Structure formats: structure tokens, C-alpha cells
Amino acid sequence: MISLQSDQLLEATVGQFMIEADKVAHVQVGNNLEHALLVLTKTGYTAIPVLDPSYRLHGLIGTNMIMNSIFGLERIEFEKLDQITVEEVMLTDIPRLHINDPIMKGFGMVINNGFVCVENDEQVFEGIFTRRVVLKELNKHIRSLNK
């Protein structure tokens, strides 16, 4: 069992460690699946946030969701990519964090998710809280305790 002798990290908020919205790839609800697949492929991500024009978070879209929506009985129906919108396929029941949530809440949520979307009081997308950032900060914290 690791003993964290300092409460400094544990008192932090999600907003202090998130990747800000302007650095996060996303699509809008009205975009077609072809555009979403292009963004996912170009960035190398498997899932990205879906926002409306006011930057409100509506859900996530991922490569698997897109591919499942174009599977036909005998072939992949690529021609459907420009006919189906992101909002028809996206996952809406997603974990969310508030920008002022304690970091411990975020720690628990990234156990089962590579990232969790962060929003403010008006459900406006503020960024993502990633497992990578959590592990990086935890590593830095543990190293500082061992000095």
C-alpha cells in the first residue's frame, strides 16, 4: 500500500489537470460520419467528444460506433458514411466531470475510461481529464515524496 504523505495532490481539482477544450479534437452533432471518421483517423484517437455550435457536450463518437453503423449483411457499406449524422450514432450516456470536481473523483472515473469529458455549470465543454495525465501527475508526486 502506498502512503501519500502530502495532501496537496489530493486537494486539487479536475480543472487543474485537464487538457483544455481548444486542444481537443471534436466533431459537431450535425457532422456526417465521413467527417467524424476522418477526424478520428487523422488524430489517431478511438473516440472524441461531440459538441453543438455552443460547445455544449452531447456525447462521444468512436470508430467502432461508426463501423458498426455501416456494416451490411455481406459488405461494409461505405456509401452510408455521408448519409448518417454523428448524432444518430453517438453515445450519449457518458461519464462526465465538472471542472471543479475533486481530483479523486476523476481518478476513479479514469480507471475504466481512457478519458472523461469535463464541463462547466452550463454543460459547456471545458476539456478532457485523461488517464495519462493522472498517471503522469501521480508519478511526479510519488517521486517527490521519495526524495
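The backbone N, Cα and C atoms fix where each Cβ goes, and this holds for glycine too.
Since we're looking at a predicted model, the values are computed, not measured.
In Swiss-Prot this protein carries:
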| type | residues | note |
| --- | --- | --- |
| BINDING | Lys23, Ala25, Thr46, Ala47, Arg131 | 3',3'-c-di-AMP binding site |
| DOMAIN | 18-78 | domain 'CBS' |
TODO: Check each residue in the chain of Ala25 (3',3'-c-di-AMP binding site) that is at least six apart in sequence and keep those whose C-beta is under 8 Å from its C-beta; list them in sequence order.
DONE: Val39, Leu40, Thr43, Tyr45, Ile48
TODO: Compile a sequence-ordered list of residues in the same chain as Lys23 (3',3'-c-di-AMP binding site), six or more apart from it, whose Cβ lies below 8 A from its Cβ; state 'none' when nothing qualifies.
DONE: Gly127
Open item on the list: If you average per-residue pLDDT over the domain 'CBS' (18-78), what number do you get?
Closed with: 97
TODO: Across all the protein chains here, work out how many other Cβ atoms are within 10 Å of the Cβ of Thr46 (3',3'-c-di-AMP binding site).
DONE: 12
- [ ] Going by DSSP, give the three-state secondary structure for Thr46 (3',3'-c-di-AMP binding site).
- [x] coil
Open item on the list: Based on the record's binding annotation for 3',3'-c-di-AMP (Lys23, Ala25, Thr46, Ala47, Arg131), what whole-number value in Å is the widest Cα to Cα distance?
Closed with: 17
